[in-house]
Each structure stands twice: as structure tokens, then as C-alpha cells.
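This report concerns only the one structure given below.
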């Protein structure tokens with residue numbers, strides 16, 4: 001039998017004294033990592049006759065897959081919906097800073113903007129792996145401008161657009177390109193939206209329903225054409241009504257095509273969604289819940305005035321409003337805070353709370369074979385957390401990229 005060195009010269013790291021989230025439960029076993037991937041120790045022992053080069057004592061920590069944020073508008077003074085000259089350094093700053101929140105991959109999100117903004121910003125968003133430089137970028141989330149004016153939320157009305165004849169070409173002309181685009185949020189009740197959903201889905205782009213006055217049958221039709229996500233459930237859509245539950249009704253619809261799962265984003269910050277609404281959604285469709293921050297440029301900064309694309313917003317405590325109004329405009333919550341709030345509000349298991357921020361977003365994007373789990377051969381993007389789910393360290397491709405300093409623990 002060959003030794004491990006004949007397979008690879010890369011060092012093998014064994015994380016000991018930990019509980020690993022695998023197969024939906026925390027298990028007392030070690031985690032083995034080599035060359036940025038999670039190793040199967042049985043293959044290592046029996047096929048390679050190998051052993052660990054480095055052992056790290058995790059001191060009883062939980063090890064969970066890295067968090068994936070599919071809706072984040074910015075943070076730390078950086079607004080992804082502003083076409084600035086130093087946009088690249090801004091996105092680099094956010095990707096570096098969110099490592100401390102346990103986020104190892106994310107989708108930079110643009111709110112409804114003029115075509116010129118998309119055409120300046122999108123070429124600067126590149127899909128890339130994470131590392132010490134910051135969290136990986138999975139592609140852009142374009143939230144608008146093809147949304148309902150009645151449910152525009154914090155989106156500027158003058159930039160909202162409808163689909164004209166040749167709807168998909170209209171969308172392409174607005175965005176300039178779909179390279180490095182991962183998610184598009186649109187309102188499914190708009191005329192010609194079906195052909196757009198089909199074309200986007202054909203290109204591997206996730207279609208999300210949101211900022212919409214769609215009824216349930218319109219939402220179901222969108223899912224039948226390929227839509228798989230709901231943008232921030234309950235926010236910026238018709239409220240649940242017992243005779244026509246609208247988009248919310250997708251959570252228990254019997255019209256979802258076989259083998260298809262509808263996922264839904266929730267901003268679990270204690271502001272956007274009442275804990276009872278969080279519990280209702282979770283109990284109705286637990287396997288579809290995806291935690292998102294919907295964080296804006298003011299995340300990580302002091303209260304005051306900040307931007308969200310074309311609008312000025314005011315931060316007051318944990319509340320963020322369009323300046324001079326009481327219209328909520330994104331959040332300043334961090335992903336680890338959302339996970340802890342979700343756990344507390346729903347009384348779910350620790351495993352369930354962690355998977356809502358890791359496994360479920362990975363499944364939504366179809367990358368669960370690489371991210372969102374600690375399965376063998378998947379990317380070694382993971383977190384060490386204490387029992388209260390505070391992040392102690394963040395790893396990407398098996399390399400430590402952030403650690404809580406001892407004094408702050």
C-alpha cells in the first residue's frame with residue numbers, strides 16, 4: 001500500500017476534540033483536511049496508510065460549514081449599488097470583514113438602479129474563491145429593477161422597469177451582461193416574466209420572486225417556469241390572506257413540480273420579521289429556509305445617515321429607514337447574529353439553525369457538493385463556534401482566515 005506522501009505531499013491537518021455538523025447532527029468526531037478539502041479518514045488510514053501531520057485541539061468547539069449570504073447589499077461604509085472608482089477595494093473590504101461573522105461565501109447584491117450603474121458595477125464583480133483576502137464571491141444578486149412599484153420597499157421608483165416586447169433582450173440591455181450573475185429577483189406578475197424566468201433558468205441563474213403583488217397562482221406559474229427562491233419572505237409582498245395567500249402560499253403549495261424545492265430568504269434580525277412569523281414559516285417549510293442578512297452599507301458602522309443605492313437611509317439602533325420615512329431599508333444585522341436570533345425565536349435545534357445559513361443556501365445555488373456541508377471531498381470552508389454560536393474562528397480551504405482574539409472571547 002502506498003503511504004500518504006505518494007498521494008500528495010500536502011500536510012494533513014486533524015482537528016480534534018470537537019463536534020462536527022454532519023448528516024444533520026452534531027457528531028463527536030475529528031475533522032481531517034488536506035489541500036483545501038475534507039478528507040475521509042478511513043481512506044487515509046486503509047488506502048494510504050497515512051496519518052496527520054498537524055493536530056489541532058478545538059477545545060470542545062462546534063465545527064460547522066461556513067455561512068453563505070446570498071443577499072448582502074454592502075457593509076462597513078461600502079454600498080454595492082454605487083458605481084465608485086474604488087468599487088473593487090470596497091468589495092474586498094466587505095469580503096474581508098464578514099469573515100468575523102462566519103461568512104465564507106456571498107452574493108454581492110444590487111438594489112434597483114439605473115442601467116448605467118449595472119453596466120459599471122457588474123464587470124467589477126468577479127466570481128472568486130475565498131481565502132485570507134476574504135470570503136469567496138459566488139456571483140451577483142440583482143434585486144430589481146423588474147419589480148412592482150406597489151411593493152418597491154426601499155427601491156427607488158424612478159428606476160423600476162417593466163418588460164417590453166423582447167423581454168429578455170430588455171433585461172440584457174439593462175444589466176449589460178449576465179456574466180457573474182447568480183440570482184435575479186423579479187416580480188412574477190409582470191407581463192412577459194415567464195419567458196424571462198425560463199431564459200434565466202436556462203443559463204443557470206437562480207430566479208427569485210420578490211417586491212411583488214403576485215397572487216398564489218402567478219407565483220406557482222413562476223415556479224413551474226423555473227423560479228426557486230423567494231426574496232425576504234413576508235417583506236415587500238402581499239400579506240398572507242386565507243383566500244389567496246400570495247407568494248407566501250408557495251411554502252405549502254401542492255403545485256410545485258416533483259423533485260423541485262422552493263427556498264425562501266428570511267431576515268432574522270428581530271426587526272424585519274416578528275418571531276411568530278419566523279416560527280410559522282419555519283414550521284411550514286423548514287427545509288426551504290435560507291437566512292440572509294440583507295445588510296446595507298451601514299452594517300458595522302455607527303448610527304446615522306448612509307446610502308442604499310440611490311437612496312439615503314438612516315440607522316437608528318437596529319432599525320434602518322429610508323431617510324424621513326418609516327420604510328425599512330435592509331438591515332445592519334450580521335449573519336452570526338441572524339443565526340442566533342433564529343435559534344432563539346424558533347426554538348429549533350442548533351443543527352437546524354446552522355444549516356439555514358450554510359446547507360440551504362448551498363442547495364439553493366446547486367453547490368451543495370462543494371459548499372454548505374462537511375462531507376468528504378467538499379471544500380474545507382468551516383467555522384469553530386462556542387455553544388452559544390459565537391464564531392471563534394473561520395477557515396477557508398482549510399486555512400485559518402480569522403480568529404477571535406483571546407481577550408475578546
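Note that Cβ sites are derived from N, Cα and C of the backbone, with glycine treated the same way.
Computed from a predicted structure; not experimentally measured.
What TrEMBL annotates here:
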ACT_SITE  294  active site, proton donor/acceptor
BINDING   143, 211, 232  Zn(2+) binding site
BINDING   154, 235, 236, 243, 272, 328, 329, 330  substrate binding site
DOMAIN    62-401  domain 'Amidohydrolase-related'
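Distribution of TrEMBL features across the structure.
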residue: 143; record: Zn(2+) binding site; Cβ within 10 Å: 28
residue: 154; record: substrate binding site; Cβ within 10 Å: 24
residue: 232; record: Zn(2+) binding site; Cβ within 10 Å: 25
residue: 235; record: substrate binding site; Cβ within 10 Å: 18
residue: 236; record: substrate binding site; Cβ within 10 Å: 24
residue: 243; record: substrate binding site; Cβ within 10 Å: 6
residue: 272; record: substrate binding site; Cβ within 10 Å: 23
residue: 294; record: active site, proton donor/acceptor; Cβ within 10 Å: 29
residue: 328; record: substrate binding site; Cβ within 10 Å: 20
residue: 329; record: substrate binding site; Cβ within 10 Å: 27
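Ranking the binding-site residues 143, 154, 236, 328, 330 by Cα distance from residue 294 (active site, proton donor/acceptor) puts 330 first. Using a 10 Å Cβ-Cβ cutoff, residue 330 (substrate binding site) registers 31 neighbours.
When the C-alpha distances from residue 232 (Zn(2+) binding site) to the binding-site residues 243, 272, 328 are tabulated, the minimum falls on 272. In this view, residue 211 (Zn(2+) binding site) is surrounded by 29 other Cβ atoms within 10 Å of its Cβ, with every protein chain counted. Those same-chain residues not listed among 143, 211, 232 yet with C-beta within 8 angstroms of the centroid of the Zn(2+) site C-beta atoms are 71, 111, 144, 147, 153, 155, 185, 208, 210, 231, 235, 236. Taking CA atoms as the reference points, residue 154 (substrate binding site) and residue 211 (Zn(2+) binding site) are 10 Å apart.
You'll find the Cα of residue 272 (substrate binding site) roughly 14 Å from the Cα of residue 211 (Zn(2+) binding site).
Per-residue pLDDT, averaged over the domain 'Amidohydrolase-related' (62-401), rounds to 97.
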